[in-house]
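Only one structure is covered here, and it is reproduced in the block below.
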Amino acid sequence: MKVDEEKAGVKKLDPTSYKRRQPEQDFPSIHIGFPVPSYSQRKSDSKGHLSGLQKVQWSLKPGKPQQELAGPGIRASSQGGAVDFTKRTRSPAAEQLQDILGEEDEAPNPTLFTEMDTLQHDGDQMEWKESARWIKFEEKVEEGGERWSKPHVSTLSLHSLFELRTCLQTGTVLLDLDSCSLPQIIDDVIEKQIEDGLLRPELRERVSYVLLRKHRHQTKKPIHRSLADIGKSVSTTNRSSARSSSAGPTLHRSTEDLRIRQSTSYGHLCHAQSRSMNDISHTPNTDQRKNKFMKKIPKDSEASNVLVGEVDFLDQPFIAFVRLVQSAMLGGVTEVPVPTRFLFILLGPSGRAKSYNEIGRAIATLMVDDLFSDVAYKARNREDLIAGIDEFLDEVIVLPPGEWDPNIRIEPPKKVPSADKRKSVFSLAEPGQMNGSVGGGGASAGGGGSGGGAGGSGAGGVGSGDEAEMPAMHEIGEELIWTGRFFGGLCLDVKRKLPWFPSDFYDGFHLQSISAVLFIYLGCITNAITFGGLLGDATDNYQGVMESFLGTAMAGSLFCLFSGQPLIILSSTGPILIFEKLLFDFSKANGLDYMEFRLWIGLHSAIQCLILVATDASFIIKYITRFTEEGFSTLISFIFIYDAIKKMIGAFKYYPINTDFKPDFITTYKCECVAPDTVNTTTVNASAPLAPNTNTSLYTPLNLTALDWSLLSKKECLSYGGRLLGSSCQFVPDLALMSFILFFGTYSMTLTLKKFKFSRYFPTKVRTLVADFSIVFSILLFCGIDACFGLQTPKLHVPSVIKPTRPDRGWFVAPFGKNPWWVYPASILPALLVTILIFMDQQITAVIVNRKENKLRKAAGYHLDLFWVGILMALCSFTGLPWYVAATVISIAHIDSLKMETETSAPGEQPQFLGVREQRVTGVMVFILTGISVFLAPILKYIPMPVLYGVFLYMGVASLNGIQFWERCKLFLMPAKHQPDHAFLRHVPLRRIHLFTLVQILCLALLWILKSTMAAIIFPVMILGLIIVRRLLDLIFSQHDLAWIDNILPEKDKKETDKKKKRRKEVHETAEKEVAMPQFLPPSVVKIPMEGIPSDPQNGIHCVARKRSSSWSYSL
């Protein structure tokens, strides 16, 4: 049954004239809403569409026509029979939005900048003044109009959203308006209002005059201004006062000009001139171009302008929503030079300014909502916009008025939820929305978005609550798929990496790369010196600091040039050092040549690595989950922290603090130079340096018998053969304390400067620059402090001549001639241990670097990485250089130093992590600098070793950030009420989390014990043991718990996915059957056959039917 609104006497509604009905009011309206079946429903398509239900609205009021809430052109169904209460988790608004938004692969819409201007009255003068703005969060002009508020989350009243919904239902909606100037837009809107009977023709000029008033924007001025700025402001003030004196005549001239233009024609061209004091131009003015706020607005953004105000000549609101075909520059309407695409106008009678302002804030907040902005761009009619508001209401959260002060501004969250999660409810295979009808009689059945509503049998949810909020599955990239072909994985890695090879070089030309190179370079040379010295001690200088420098430079640069993942940094590791020591001791005890024996072990290990590459053995890495990754990376981080502190404590042994110093016995502390017992009359060269106060004029050449030994310095005394005598001769200034200051100061300052990026001081670019170069600034500062004090702190010593550390060895190791023949095949067994160590170290580090949290867009290359590690192992074995493998901590530090974030972010929005600057330049430059460090020895000798130990400590601590294991360890020391809101704490019982963490701690302790003893030779085997332990955890923990605190293993992952697909298919088939079958009415539902109640306008009975767009209904 379709009702003609005009015949029924329906008038348009004033959305702001909402009044609470009093009990004593005569003839109250009765609104009865219930769903009516539409059997003309089309069958669900591939997207799972279900047609919306319909709602019939009654009003019984004698002598007074019905006020319509529905839009025009809406049909109703009057068929009787049983009502179809389909159990659905989606609201009709969500169904309609799915049809509006279409496919997800379409190009994204521009970001919207929304500005709200309110009409200000000053006597007879009026102007539009900017009162708030939005990009993501709301910023208000503070009281007094001198500054912007902090960005905050918009808090809207539910009533304002309902009023906005009614505004769009009753007002003028112009979609795809072909206009390019504000006067033309205003004329089109007014003409449409007059045609629809919403505005009297005699008010045309007055409304147009108000809407074309001058726009004054909020500008921010710095507190400290230069003299030039003060001079400009004074001259500007003089010109402003001159203009203000002639404001009255200008007003009349503008009004007269308006009458003349409108009397001639209503068709304006795009080059029409402004008719107001605003002098609206098509091009941005100087103030707009100089506005620094433009930096916060993303590129290619568009604007939506909201104009709200009250006037005394209107008796009902003037409401319009406009979308332009093409965005247009409206001159001074917008604060920044951004073209306008949307315009919302609300002018109403006087006395309701606060209500108008709240409606304006509501539409402005909706326009910056990710989902509603997409709806606004793609809406085809008024009903689509209403559906967008209804979807917003489906997800809205209401705060009780007695428990929350609306004046409190909510700080923007650190992480804003994506609109993709809300879009996912448009599919039948997804759980329901936040809000919806309960039971079976509403438009959307039970959709508990938090996991509760989707699981009930009566709610008709698709799946359980666990499925609704399960974390992302353990994703295995295509790089780890077993091909079954000889070198199949390696060939695919090469094909994947070749297209990216040119960009791997030009992507590295960025300022951020400089700080990354310096940071990693200092870490690498410190590592090379440390492990070089330890190798020299362990192998009797067959391998030392010089071999460590050259090997690091050669292996690292070749790997970064040709590997699959150039962000990985190669270095010597602790297990390799232990293996080298055991191998040297075994060779020495059995009379074998160490270098030749080592060469054959390296060759066999290289061949074994190539066999693993040829058979795609790297695919077993997919069984390495978070459990193994975190255990390995945490162990390496602890090793770095432990070694840094151990080195620092060692300084206290060489330069102890003088704890025996007693101030009372200061007179007994002395040290003097004593001549040798037998002093010959031997003369010495007079060119030898003496103390400044030594008298050398009496003896030339120098005669030791005539020398005053008590005046010589310590260095002179020892050089002339004298000896030091006294209780204070062994006193050393507090070098240990100074070393600790340098060590801890470097670490703490680096940590502070890294966090400075997120502080509130200085502009964003300055903070970013300081954070990127934090390591460099810290090293330079504390090197300067050390130089100022002039204490003999231990310095960095780099070899200055390129030659082997041991004089009796060369740069090439002969494979034959020094060991028995059986050594060559027998070396396969120790080579197998080395291969396991290399494979696990390399591939676990690669998994950590390539994890999805780093958002790497270029393909990984596990097989290609292992191939080059094997080749480099053979090359280093022939040249007698150390073996190299991926260094976990330094690689993580390399990733962190190259992270990219959004350059422009909305006020209040945290910079979004974009990914990592993937390139080969930084790695190659680091290792080239390491190689030429031999020639930089005169400069590097000024760097104190405690400063480099501080860099080591920072690397170890920084690599612990973001590790879930470390966060779970902290929970042992926190009461439950103070624990952070981690996602796994919401879904897994705390005792199960503690049990899982204890298992990891025990495994980590066992690995640490093995690493610290001679049993470290089996360390790589124990890393494989972590994978076995993880598989055994499936017997203790459920797959649900493991999905949150770890990852599901691949075969379990596949089973879970197949089970979910099967369950969703069954639910989808059941939903289709229920749509085709009529169901019985629940006992709580009253059925009213509409065909039996005819519309009778004479008796005041009006039946108005409209399409049901949501579970929300708002009646005035």
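Even glycines carry a Cβ here, placed using N, Cα and C.
In terms of which side of the membrane each occupies, Swiss-Prot places ARG626 together with VAL847. Beyond the ends of the transmembrane segment (923-943), by six or more residues, the same chain brings 513, 517, 520-521, 524-525, 528, 546, 549-550, 552-557, 559-561, 566-567, 569, 779, 783, 787, 795-802, 894 to within a C-beta distance below 8 angstroms of the stretch.
Ranked by the number of CB pairs under 8 Å to the transmembrane segment (632-652), the listed stretches 559-579, 601-621, 769-789, 946-966 are led by 946-966. Within the topological domain 'Extracellular' (752-768), the DSSP-based counts of helix, strand and coil residues read 12 helix, 0 strand, 5 coil. For the transmembrane segment (601-621), the most Cβ-contacting stretch among 516-536, 559-579, 731-751, 769-789, 820-840 is 820-840 (pairs under 8 Å). Listed by sequence, the residues of this chain that lie at least six past the ends of the transmembrane segment (866-886) yet keep a Cβ under 8 A from its Cβ atoms are 490, 531-532, 535, 542-543, 547-548, 550-552, 554-556, 558-559, 562-563, 568-573, 576, 580, 595, 598-599, 601-603, 605-610, 612-613, 618, 804, 809-813, 815, 834, 837-839, 841-843, 845-846. Count of Cβ pairs under 8 Å against the transmembrane segment (946-966): among 516-536, 559-579, 731-751, 820-840, 988-1008, the largest is for 731-751. Broken down by DSSP into helix, strand and coil, the topological domain 'Cytoplasmic' (790-819) contains 0 helix, 1 strand, 29 coil.
For the topological domain 'Extracellular' (752-768), same-chain residues at least 6 beyond its ends with a Cβ under 8 Å from one of its own Cβ atoms are 774, 777-778, 958. Note on the topological domain 'Cytoplasmic' (580-600): residues 535, 538-540, 542-543, 809, 813-819, 823-824, 827, 830-831, 877-878, 880, 882, 1014, 1017 of its chain, located 6 or more positions outside it, place their CB under 8 angstroms from a CB of the stretch. Counting Cβ pairs closer than 8 Å and at least 6 residues apart in sequence, the transmembrane segment (820-840) and the transmembrane segment (559-579) reach three or more and so form a contact.
Here the topological domain 'Cytoplasmic' (967-987) is broken down by DSSP into helix, strand and coil counts: 15 helix, 0 strand, 6 coil.
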